[in-house]
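**Q** Here you go, one structure.
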């Protein structure tokens, strides 16, 4: 099937059929709205980031302040995104906003870095956290071997990629079942922390000791502490990726933010308080599986509950990341910013196999290192770079289109505060980790020639557009969502009109393909 790559200067919706709406919308409509943001934020981060935050903050008191301030900055960023989400009501999140405000190249670079860096690195960190919590109890006196960590993380990733390729229903069931793991682990940690405080075990929380530095304070390291903490808050902009699917977003989007971000901040701060009621900062820093050490100190013979709970949580986290990444691929493919193959689904299973395989392979490359904290700095820097660009776009849009209809309109004080924090974070983290952070920027800039070759060049030879696509279709047995069962014989299903958004549910007469 021939595809037309749209010129970046004009918005063009490829005629993807409504089966894309049917197949893809399940993954985010499943949980209740007000639980969606906490459910997407709370994951492996709270089990891996406390060590990175503590190590760079240099004291218990400053580490807790980092967690609180990160929650406040996250809430401010979420408010800025809420205004953009209802002003530019397109699924795709900051990719869509950056593209519409700054043009096709900026949007493509956002997508490029998400596809090559953000999703693969996030999945690699979660998979490594899973393998750490599975293997650490087997090596009680030392760290697990690095090759074993990488191998188990790769097995986890390959297994869940197979599940997601096989069935959307299986993937959603895995997510539902394994979500209970993180709830059990966090509930145990917070309850045991409260019990410890009631027993008087709060030495490291007393003002006289909380700010005793175990190393010299350094502003560059504090910036890295914020990057480590921000990883745990990842997912706060989740609803902006599904704005077209929200019911009454003008009311529900701010409500979800005001309830969920403070809730997550409360959980994270109290979890970290609980950690230091059972461990000294030195003990916390000596552990690669903080919750395992916490369980060994307080749960006795029941300490096995903690690694199992966290392993279940992180297993579900890898699944959830694989499951949701296809939405960004879909948004990019409909703009002509990604190969059309990545927008295709299996002819019978309705699963986005090419997108899943691409994500899996790029994540396996990230597993070449087992240093989770370097990976977190790497992905955190890139994430904050584009968060700031998106929030700056909010100010630019206010100047360029002051009369544009904005159902939610916040004071410009908030984006300015966010951008000041953003500038501090990027400058000092780049100063502290020039190679790690600079590498992310270098990878992003490699997208510039790719954009002009693959997107801006409108009159490419037909073989350039079709040969690899056909080969990929045959290998993965995939077609465009609108092609019916007979697609293999050349029969094509009906296509949506240009005016219908692929992910919109506003049209009551959305059609389903014979397969879905």
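Note that the numbers count up from 1, one per residue, in the order the chain is shown.
From the backbone N, Cα and C atoms, a Cβ is placed for every residue, glycine too.
Automatic, uncurated: that is what TrEMBL annotation is.
Under the heading region 'Disordered', TrEMBL lists 488-516. For 60-86, 107-131, 151-171, 183-205, 217-236, 257-278, 298-318, 353-375, 381-399, 411-432, 438-457, the entry in TrEMBL reads transmembrane segment.
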**Q** In terms of Cβ proximity under 8 Å, which residues at least six beyond the ends of the transmembrane segment (151-171) contact it?
**A** 23, 26-27, 123-124, 127-128, 130-131, 134-135, 315, 318-319, 322-323, 346, 349-351, 353, 356-357, 359-360, 363-364, 367, 370
**Q** Counting Cβ pairs under 8 Å to the transmembrane segment (183-205), which of 60-86, 217-236, 257-278, 353-375, 411-432 comes out on top?
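**A** The listed stretch sharing the most Cβ pairs with the transmembrane segment (183-205) is 257-278.
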**Q** Cβ under 8 Å, sequence separation of at least 6 from the ends of the transmembrane segment (107-131): give me the contacting residues as numbers and ranges.
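**A** Distant Cβ neighbours of the transmembrane segment (107-131) are 8, 43-44, 47-48, 94-96, 98-100, 144, 148-154, 156-157, 231, 234, 310-311, 314-315, 317-318, 321-322, 325, 328-329, 332, 335, 337-338, 358-359, 362-363, 365-367, 370, 372, 375-376, 378-379, 382-383, 386, 389, 440, 443-444, 446-448, 450-451, 455.
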**Q** Quickly jot the same-chain residues contacting the transmembrane segment (217-236) by Cβ under 8 Å, restricted to those at least six beyond its ends, or write none.
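**A** Same-chain contacts beyond the ends: 37, 40-41, 43, 45-46, 48-49, 52-53, 55-59, 62-63, 66-67, 69-71, 74, 77-78, 122, 125, 261, 264, 268, 373, 376-377, 379-381, 383-384, 424-425, 427-429, 431-433.
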**Q** When each of 60-86, 257-278, 381-399, 411-432 is checked against the transmembrane segment (438-457) for Cβ pairs under 8 Å, which one has the most?
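**A** Between the stretches 60-86, 257-278, 381-399, 411-432, 381-399 has the largest tally.
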